[in-house]
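Visitor: Before anything else, here's the structure in question.
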């Protein structure tokens, strides 16, 4: 983030920036803003036990609700892979190619609607709109074979950008990655739960005259509407709306530290996102929709394949939280992306090499699938946190989140098509393409780190006093991350 060494911000350097116990304002947090002496004194007097107490309140009230909603969202998407091995294709008289096309159709409106979603969400109460995104999932889930996939994609599009935007309203950048990671672990947990639920629900085959795969959509769809209704009562947009469970001083503390982080600057522009992560997302979606089929082709039965995905996704959830917690403390974003990305490269290299004789390489291939999940799931929280840290101002941050999520999900269009049914169980196109995307993603992250480091070094050569003499505070605010005093998070 930008660090503006103004006179007012220097008053934060004692208790808040230098504290070894976990600073309230690491340099990453202080973003091109001037705190009034009154606000600075208030933060200086806010103790570490008080900070931990208010964060615990938020962590238990906000994050679990978002996690549950995302868990349901991802289960709704992942269950198509489980339904496939339970007989969806022959019952609907679909070919493998038609199945892949249906998945790709889902991502077209899903991606396009995500790009402007946060611009729309800024005009309304985010919890209400997140809930409204959730409720129509029931209709699409209950009638999946009849409803077009693009309807489901349109309904779900604004949820993830909106949820991340809500997190950004409560946590400064230095605390956001761990919370985003907890949110994103829902995608891994969804893989585990969807496999377990699909295994159990498939036993209902024949009840009410419906096949087991239909019951998967019916029962998991009903849960969506309950979660959507709960949003209207449990999900809160801003600290100022939380008077029933936060004290006035706690609300003030949360608002003032967001001011110090530059989250409430009125003059900013929303033109660009700093980087593109579709290379990271493409293999993720391909793996999620196809993992049960891959495991089945390794030699396990249709009934056991969903269960065997559970350890893979569990490893992914643990890795997502572990990497984020470590690097949130270190205030260094690049390793939390590039290290997992390298694990993904190794995983797909193993799968590409061993899948030609998959029956005789079951342990190696299953290990590679687990390793792929270990690497894939920490990437999204790291990328989102890095993105938010390097976008100046609330409007640009909101647009950047939507743009990043939308462009990233374009990978789903490719990812749903590269695992070709006719190539099972070797899937050479799928594994080779995923390996190439993963390797290019790792290179892109390293290149981005270098470019941001070079920009910071260039800005360090400028005299801060000279910049302040030549530019007013308003002009520097208007420049945003193009300001010579802006410092990128690495």
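Here the Cβ of each residue, glycine as well, is placed from N, Cα and C on the backbone.
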Visitor: Among the residue ranges 361-380, 381-400, 461-480, I'd like the one that TrEMBL describes as transmembrane segment.
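Guide: Of 361-380, 381-400, 461-480, TrEMBL gives transmembrane segment for 361-380.
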Visitor: Among the residue ranges 117-140, 213-236, 237-260, I'd like the one that TrEMBL describes as transmembrane segment.
Guide: 213-236
Visitor: State the residue range annotated as transmembrane segment by TrEMBL; the candidates are 25-42, 151-168.
Guide: 151-168
Visitor: Is the transmembrane segment (435-453) close to the transmembrane segment (58-75), in the sense of at least 3 CB pairs under 8 angstroms with a sequence gap of 6 or more?
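Guide: By the criterion, they do not touch.
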Visitor: Short question: which residues 6 or more past the ends of the transmembrane segment (180-201) have a Cβ under 8 Å from it?
Guide: 63, 66-75, 77-79, 82-83, 86, 163-164, 167, 212, 215-216, 219-220, 288, 291-292, 303-310, 312-314, 316-317, 320-321, 323-325, 373, 377-378, 380-381, 384-385
Visitor: For the transmembrane segment (307-327), could you work out the same-chain residues 6 or more beyond its ends whose Cβ comes under 8 Å from its Cβ atoms?
Guide: 177-178, 180-182, 184-185, 188-192, 195-196, 199, 291-292, 295, 300, 333, 335-336, 339-340, 366, 369-370, 372-378, 380-382, 385
